[in-house]
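Heads up: the structure comes next, in structure tokens.
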């Protein structure tokens with residue numbers, strides 16, 4: 001076993017990751033590191049052998065870890081990284097702060113980040129993936145982010161550094177985003193709270209919120225960045241082309257395309273990562289055969305298949 005740097009947080013070898021993903025699948029990581037604080041994270045990365053891969057992991061809301069696990073040090077931020085501070089119309093949130101919590105606390109202070117309320121996951125993942133909903137994206141409200149680079153140094157990144165695109169950014173490999181500062185328009189707290197309640201109601205009516213899912217499985221075919229027309233208002237939707245191909249409710253093993261929303265893949269019971277990824281690939285092929293459109297995964301898939 002490789003000698004790793006001493007830490008004040010928790011460092012666990014051969015840590016199964018299935019309980020850390022919303023789909024409850026996946027094999028073990030070589031190591032899981034949960035740093036105590038920023039300095040602990042910096043010191044660890046500074047002294048970690050350069051040939052060891054690092055994979056920053058949020059709350060696992062948009063992730064399939066393959067059944068063979070990850071040959072990496074997985075870094076998962078916790079309580080030391082979930083603070084939320086509001087100053088005027090700016091909000092600084094730790095990467096581990098849940099999107100919903102950021103939206104609520106911002107609204108209480110009269111700052112409109114309500115689009116974050118129904119986005120699963122944490123701010124770190126939301127920034128990394130340029131998450132969006134209701135025609136708004138993180139890129140629209142982003143000011144800056146602090147990241148710890150692979151060598152342990154701390155850097156402040158601008159929107160230009162991250163190069164926001166539709167559902168992606170250009171973040172250096174091994175870099176761990178630790179906080180982000182956002183700026184939203186001012187609004188009446190009661191009106192913002194009411195809007196979020198309406199958003200939650202609509203979400204619960206249309207999405208399988210009681211099932212184990214990872215949010216949208218595929219990107220909408222005509223995905224624009226937030227500098228163009230938002231994909232949320234495009235007519236062509238991933239769920240529509242999936243429906244047109246007759247794949248609502250399609251299954252493979254314990255994996256299923258939800259009957260409630262056909263662009264949501266669920267673990268209907270006992271699914272493996274191979275079931276979920278295999279079903280997704282089946283859907284992609286059949287949609288292409290039906291419509292000529294190759295759907296792109298929105299769920300991140302990482303790791304190795306299980307060895308037979």
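Note: Cβ is positioned from N, Cα and C throughout, glycine not excepted.
Which of 136-166, 167-197, 198-228 counts as region 'Disordered' depends on Swiss-Prot, and there it is 198-228.
A 10 Å cutoff on Cβ-Cβ distances gives residue 216 (active site, proton donor) a total of 22 other Cβ atoms nearby, all chains included.
In this structure, residue 216 (active site, proton donor) is part of a beta strand by DSSP.
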